[in-house]
Each structure stands twice: as structure tokens, then as C-alpha cells.
Amino acid sequence: MAQQKPHINLVTIGHVDHGKSTLVGRLLYEHGEIPAHIIEEYRKQAEEKGKATFEFAWVMDRYKEERERGVTIDLAHRKFETDKYYFTIIDAPGHRDFVKNMITGASQADAAVLVVSARDGEGVMAQTREHAFLAKTLGVQQLIAVVNKMDATQPPYSQKRFEEVKQQIEKLLTPIGYRNVPIIPISGYKGDNITKPSENLKWWNGPTLLQALDNLKVPEKPIDKPLRLPVQDVYSITGIGTVPVGRVETGVLKVGDKVVFQPADKQGEVKSIEMHHEPLQQAEPGDNVGFNVRGIAKNDIKRGDVCGHVTSPPTVVRAFTAQIVVLNHPSAIAVGYKPVFHVHTAQVACRFEQIIKTVNPKDGTTLKENPDYIKTGDIAVVKIVPDRPFVIEKVSDIPQLGRFAIRDMGQTVAAGQCIDVEAK
Ligand code: GDP
């Protein structure tokens, strides 16, 4: 079998209107991924309007108009391929639900492109900060920053303005913990320095965006960590027995392993593993598997339980300390607030027991000890008590099991990570 290229899930983040969707459109367009009939349709429209040349900018303007009218155009599944990788672009239109998907594993991004507009008066803004912080909180390992709209600086393609915005970006990213991030001047609208070097940016001798994407590191598989496999579903299959289904987050699951499900506290032995209807001897991080466990009945375990080895079982907590960022709460969060926490495949009502402090996103220092309440935009350290014990891990131990979204009344109100646990 031919060696498969590694796959990278990419997400675009940044302040609204700084050019994320334009950039995605441009990338897909330059890769020939926008369906021919859509381009043809736009070409016709351009001619009718008496436009002499057909430009991508025109395509994107139409695309944006149609989006605003609620017409969605499926940009060929938003996939493209480079010499080294297959990329899937995870769009974040419904930002809040994107956060939930990121945490529950539906769409974990391996890398993010942070889009910052260079237009005068723009640069690093509120959502630029929020998104960069979120990306880190959600475990996005690698980041590329683009200084966009270089065509719209004064004067156009100003190296001086690029350097200014670059400094703002460095000041933002270093305290958050992103190091050695490539910062690249581009224009998504005009197509400068996306897949090929631009005449307009002669002073730039760094990579194009495409080169930077190819320079990303192959995402690491956390096979050296303890096994953690959150259960999505449990089946009982005639002639086989109890078959939990889920994705291996960390570690390796092998046939013959002695495993335990927590907090159900049920043990058994792995008799067989299957992925895409093929038997496997072992499953690794990222693999979605069903596996037959002897010694466990279907009703012993359920969605939200986590499977690990009996020698290093999942951590069951009765309380934990977390760092959270409040994304969207209509008023204020005070002690006693009890929303639903979405952690891996578990959903648990949890109470805010204590608001320990608010944190300055710029440098991580304490803003206020024991504040009465926190509100949208705040980053805080809080103590949380779940209604019933469940599995969560410290991010410093097993980051994949340490992140959560907080939902209330159908919305993601906050996201966070577990920094300490009181084990049961
Ligand atoms: P998003 O909200 O971040 O997805 O931003 P959009 O892609 O919708 O772009 C917002 C506005 O900025 C639109 O009017 C775009 O045409 C414009 N825009 C995006 N990229 C560029 C760029 O590189 N140069 C210029 N001059 N305008 C851009």
C-alpha cells in the first residue's frame, strides 16, 4: 500500500472581518478546489457586470453576499493537499458550537492559522486575543500567524506596518505559550504570498503561507500516555458480547488488556478490537474502535465512562480546580451557578463552588482574588463540584482529557481546562 500523507485538521481563527473566510476561499481556489460550475457562474456574472478581468476578489465578494443571504456553498468539503499533508479546514462559523466540538473530539484541530488584519486601526484586537487564548486552552498545538490585508495598508504593502503588527502578535502569543510562531504577510483578497511569492512583497524573504503549512510538524500521537478511551456508545452484539465504542485519546489498547471503566468501576478483558469492520490487534490515538470486553454487561457501563488499564485507571473526581474563559454569558457568573460541563463524552451538571481569582490574559498575573462574579471575556480560576463523580484529568498529565466546554440553555458559555483534582 502507498504511504499515506499525514492528515492535519486546520482551523482559522481571528477577529471578525479580518479575512478568515476570504483566506480559506483563496487557499481552496488556488488549489483548484472550488467546483468548476461555481467559478463558471461567477465568471458569467463578472462579464455581465462588464468586468474586464475575472478576479478571485470578485468570486469572494459574491461568495460573501451569498453567505449573507443564507446561501451556503460547499467549497468541496474544504480539503486540500500539499506535497506533505492532507489538510481539512474546520470552519468556525458557529463559534460557540465549534468550541464544544473541539472539546468533545468531534473536530480537534491540530493547527490554527491566526488571521490579523494589517489595515490601519485594525491589528491585534479583542477577538484576536480571545481566539489565541482559546486555541491554547483547547489544545491546538501549532500556530501560524498571517498579517492579512497587506494590500490595504498605507502605503500598500508597507513593511513598516507589517513589523508593527508582527510585534503586536508576538506580544500576544508569547505569554500564552506559543513559541516560534511564523508570522507571514499576505493578502487573502489579492492572493499575495498565499501559494506563491508576491512581487508586491519584494522585501519579504520568508515563506509563503503554503510553505509554512508544509513546515508544520506531523501531529504527535500520544501513545506514551496512559490509555484513555471515552465511551461513546455501548452495544450488545449477539455471538460477540458487550462492545463499547469510542475513540482512543491517549495510550494504546491491545487485545488481551485488562481494562477498567470509570466511574462505573467495572473491569474486564479485551477479547477483540475492530475498526471499520476490520479486526485489529491494537488501537492507537485517533482510532475510532469497537472492542469486545469479557466480564462486562451492556448495562454496567455507559456513554461518558472512560476506559483505561487497571494498572493506571482514569481519575475520578469529586471536585476540581479549573482555569476557564467566559465566552458568552448574558449577565454574570457567581458562586452557586450550575451549568452542564461537557468533558470528553460526558455531560455532568457542576456547581461553581468558589471563584478563586481572575487572570490577566496578557501575562497570566492575578487581576483580582475572590471576585464576586465573572463575566464574558474574563479568564478565571474556579473550584468546581460535579453533581456526581466523573472522570477528568489534569491538563498537565493528560491534556486530551482535561478540557471542557460549559453549556447553559443551548449555548457554550465558557471553555476551560482542569488544573488540579480532588480524587474520589
Ligand atoms: P472574516 O469575518 O474574518 O471571515 O472576514 P471575511 O473573509 O468575511 O472578510 C471581511 C472583509 O474584509 C470582506 O469585505 C473582505 O472582502 C475583506 N478582506 C478580506 N481579506 C482581505 C484582504 O486581504 N485585503 C483587503 N483589502 N480586504 C480583505
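From the backbone N, Cα and C atoms, a Cβ is placed for every residue, glycine too.
Over in TrEMBL, the protein carries these features:
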type: DOMAIN; residues: 5-223; note: domain 'Tr-type G'
type: BINDING; residues: 14-21, 91-95, 148-151; note: GTP binding site
type: BINDING; residues: Ser21; note: Mg(2+) binding site
Row Asp17 (GTP binding site), column other C-beta within 10 angstroms, all chains, value 15
Checking the binding-site residues Asp17, Ser21, Met150 against ligand 1, those whose Cβ falls under 6 Å of one of its atoms come out as Asp17, Ser21
Taking only the CA atoms, the spacing between the residue listed as 'Mg(2+) binding site' and Gly14 (GTP binding site), expressed in whole angstrom, is 11
Determine, from DSSP, whether Gly14 (GTP binding site) sits in helix, strand or coil. strand
Show which residues of the chain containing Met150 (GTP binding site), separated from it by at least 6 in sequence, have their CB under 8 Å from its CB. Ala118, Pro156, Tyr157, Ser158, Phe162, Pro185, Ile186, Ser187, Asp192, Asn193, Asn200, Leu201
